[in-house]
Amino acid sequence: MATNTVCQVVPSPAEDAAALLKAFQGWGTDEQAVIAILARRDATQRKQIILTYEQMYNESLLQRLQSELSGDFERAMCQWILDPDERQAVTANAAMKCIQEEYPVIIEIACAISSEEFIAVKKAYHVLYKCSLEEDVAACSTGNLRSLLLALVSTYRYDGKDVNMGLAKSEAKIVHEVLRNGAIDNEELIRIVGTRSKAQLKATFSCFKDEHNSSITKALLHATDPTCYLRALRTTVRCIADANKYFAKVLRNATREAGTDEDTLTRVVVMHAEKDLKGISSAFQKRTSVTLEQVIAKETSGDYRSFLMALLGS
């Protein structure tokens with residue numbers, strides 16, 4: 001479930017556009033007014049505000065926000081006002097610049113949304129970058145990591161809940177044999193993870209655990225690989241097995257006392273505030289014994305903190 005709260009009585013796009021312009025004028029930007037408007041509008045309403053603002057004032061709202069705001073707050077707000085499909089496409093493209101480290105971003109986009117949503121993201125990628133997500137993944141990655149990521153971004157998974165338990169047991173056996181032999185680059189392993197439905201994969205993971213008293217992710221810890229492929233494979237399995245639990249861990253790692261990873265924190269909160277952040281927040285509290293709101297209030301500050309808290313519904 002979503003966490004951000006949309007106004008019950010919403011002003012017209014023209015009224016919101018005028019209020020935003022007023023917030024930009026004067027001696028300094030009224031950041032709290034910007035948050036009060038944009039954080040409490042859904043994706044459709046924000047799109048109408050963007051179009052209306054440009055029609056009324058002959059300037060891009062995105063560009064105006066970039067000039068008026070700064071730092072983590074500016075980056076978070078400029079991600080937020082994008083159409084959700086476009087936002088994910090932009091995020092995926094940014095990850096291409098250092099895909100050996102940013103591969104979790106590609107995995108999250110490919111594995112945490114529905115097949116129909118992923119098709120929309122890939123269409124947005126076409127429009128923005130005049131090429132496919134697949135060809136950029138292929139060009140920017142190498143070796144086993146390329147094979148895995150290409151399988152994930154090229155598939156069109158069945159989104160239903162139907163499960164073939166016989167298939168789950170047989171493929172759990174295949175996975176066990178692959179891991180026992182240390183052949184983690186086995187094509188069958190990538191085929192299974194890259195093509196089966198999430199429901200089918202969860203059944204396979206469950207069969208593996210029942211049979212061997214260990215999760216696949218723990219079994220993968222005993223494998224060795226000099227590249228980031230093995231970490232990417234574990235990331236894929238965790239993301240598919242339990243997305244809420246996976247993102248809760250991502251948020252925990254992003255807000256450790258050693259230093260907050262604002263980019264990751266922004267990505268998860270902004271991407272999921274309108275969709276399933278409530279479930280992620282519950283998983284986070286169960287894992288850490290503190291609420292996500294408490295951690296964000298402690299680890300962030302200023303307008304950036306206010307904006308994230310608004311997206312959390314506070």
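Here the Cβ of each residue, glycine as well, is placed from N, Cα and C on the backbone.
Automatic prediction, not curation, is the source of TrEMBL annotations.
Taken from TrEMBL, the feature Ca(2+) 1 binding site covers Phe24, Gly26, Gly28, Glu68, Gly259, Glu299, Thr300. Around Glu68 (Ca(2+) 1 binding site), the same-chain residues six or more apart in sequence whose CB sits under 8 Å from its CB are Phe24, Thr29, Val34, listed in sequence order.
Positions annotated as Ca(2+) 2 binding site by TrEMBL: Ala297. Residue density at Ala297 (Ca(2+) 2 binding site): 15 other Cβ atoms are found within 10 A of its Cβ, drawing on all protein chains shown.
Each of the binding-site residues Phe24, Gly26, Glu299 was scored by other CB atoms within 10 A of its CB, and the lowest score goes to Gly26. Within 10 Å of the Cβ of Gly259 (Ca(2+) 1 binding site) there are 9 other Cβ atoms, across all protein chains. For the pair Gly259 (Ca(2+) 1 binding site) and Ala297 (Ca(2+) 2 binding site), the Cα-Cα distance reads 14 Å. Highest local Cβ density among the binding-site residues Gly28, Thr300 belongs to Thr300, counted as other Cβ atoms within 10 Å over all protein chains shown.
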